[in-house]
Amino acid sequence: MSKLRVAVLGAKGRIGSEAVKAVRAADDMELVAALGRGDDLKTLVESGAQVAVELTTPDSVMENLEFCVTHGIHAVVGTTGWTEDRLAQLNEWLAASPETGVLIAPNFSIGAVLTMKFAEAAAPYFESVEVVELHHPKKVDAPSGTAARTAQMIAAARAKAGSPAMPDATATALDGARGADVDGIPVHSVRLRGLLAHQEVLLGGEGETLTIRHDSLHHSSFMPGILLGSRKVVTTPGLTFGLEHFLDLNG
Ligand SMILES: NC(=O)C1=CN([C@@H]2O[C@H](COP(=O)(O)OP(=O)(O)OC[C@H]3O[C@@H](n4cnc5c(N)ncnc54)[C@H](OP(=O)(O)O)[C@@H]3O)[C@@H](O)[C@H]2O)C=CC1
Ligand SMILES: O=C(O)C1=N[C@H](C(=O)O)C[C@H](O)C1
């Protein structure tokens, strides 16, 4: 059986360098290109890449994806910074290249995906929900893509259940004291030397709290998700948002 031809964009970065190692170590994959900033995207075509694993920066990801999609190269994207406008643009490119698949995964680790699903399931049963994400201080964006997605899923679950507004008597506050508002859910970002990628979802009801916590302690935590995404995206045209769609979570 021929091996899946995979390229990594952002190959010298914290997660990209780990992805290079993981693809090299996968028996069913061949690493055909490992590109850094300034490298020529034509290398993707020349190397015959079937899948590009995009792990760069929010300022680079759109240009890279435009190239991949218009050249029929499937993409597995971990880079953050997704807005409605960006997703609409990506969908336009995909509409013109209907056989191409793109997976955007706010988080590739199974524990983080489960945290999001557990939080979504629990949210309607509690009056209050807040998200705290904690990361290494070199992270360029806040809140994390994972926290933003978690808050969106919580908000949607609460809206579907008809949950009332969360109790909060704050009348005065310093700017930022209540965190960022993501679809009505407070999201707090901590940047601390020594950390990698962590998240807590705090839920509170009358006389009880529930805390769902996930810790990525090494970038290896993201690799099974990247490899799974690469295998599945080649037979999944269009945009898939969230690794959970490639997992059998009921099974
Ligand atoms: N979904 C997930 O599970 C995870 C997602 N991430 C996300 O992945 C992204 C990268 O994170 P991290 O590795 O920590 O960041 P780094 O800054 O360590 O790595 C990014 C790398 O991409 C390079 N780069 C920038 N632009 C381009 C380009 N046009 N082509 C090729 N390479 C480019 C950078 O080069 P230079 O240094 O020269 O700018 C750098 O080497 C972030 O958005 C982060 O949030 C991270 C971990 C897990
Ligand atoms: O920059 C990181 O490190 C991470 N970024 C992603 C995010 O913003 O959610 C995933 C994970 O939290 C690590």
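Backbone N, Cα and C atoms are what each Cβ position is placed from, and that goes for glycine too.
Look at TrEMBL and you will find 5-108 tagged as domain 'Dihydrodipicolinate reductase N-terminal'.
According to TrEMBL, the NAD(+) binding site annotation covers GLY10, ALA11, LYS12, GLY13, ARG14, ILE15, GLY78, THR79, THR80, ALA105, PRO106, ASN107, PHE108. In the three-state DSSP scheme, PHE108 (NAD(+) binding site) is classed as coil.
The domain 'Dihydrodipicolinate reductase C-terminal' feature in TrEMBL is assigned to 111-247.
The active site, proton donor/acceptor annotation in TrEMBL covers HIS135. Sequence-distant contacts of HIS135 (active site, proton donor/acceptor), defined by Cβ-Cβ distance under 8 angstroms and a gap of at least six in the same chain, are SER144, SER189, VAL190, ARG191, LEU192, LEU195, LEU196, ALA197, HIS198. Under the DSSP three-state reduction, HIS135 (active site, proton donor/acceptor) is assigned to strand.
In the three-state DSSP scheme, GLY145 ((S)-2,3,4,5-tetrahydrodipicolinate binding site) falls into the helix class. Annotation comment: TrEMBL describes HIS136, GLY145, THR146 as (S)-2,3,4,5-tetrahydrodipicolinate binding site.
Per TrEMBL, active site, proton donor is recorded for LYS139. Non-local neighbourhood of LYS139 (active site, proton donor): ARG191, each in the same chain, at least six residues away, with C-beta under 8 Å from its C-beta.
Checked against ligand 1, the recorded positions ARG14, HIS135, HIS136 give ARG14 as the ones with a Cβ under 6 Å from it, listed in sequence order. According to its DSSP assignment, ARG14 (NAD(+) binding site) is helical. Excluding HIS136, GLY145, THR146, which define the (S)-2,3,4,5-tetrahydrodipicolinate site, the same chain contributes THR80, PRO106, ASN107, GLU133, HIS135, LYS139, ASP141, SER144, ALA147, ALA197, GLN199 within 8 Å (Cβ to the Cβ centroid), listed in sequence order.
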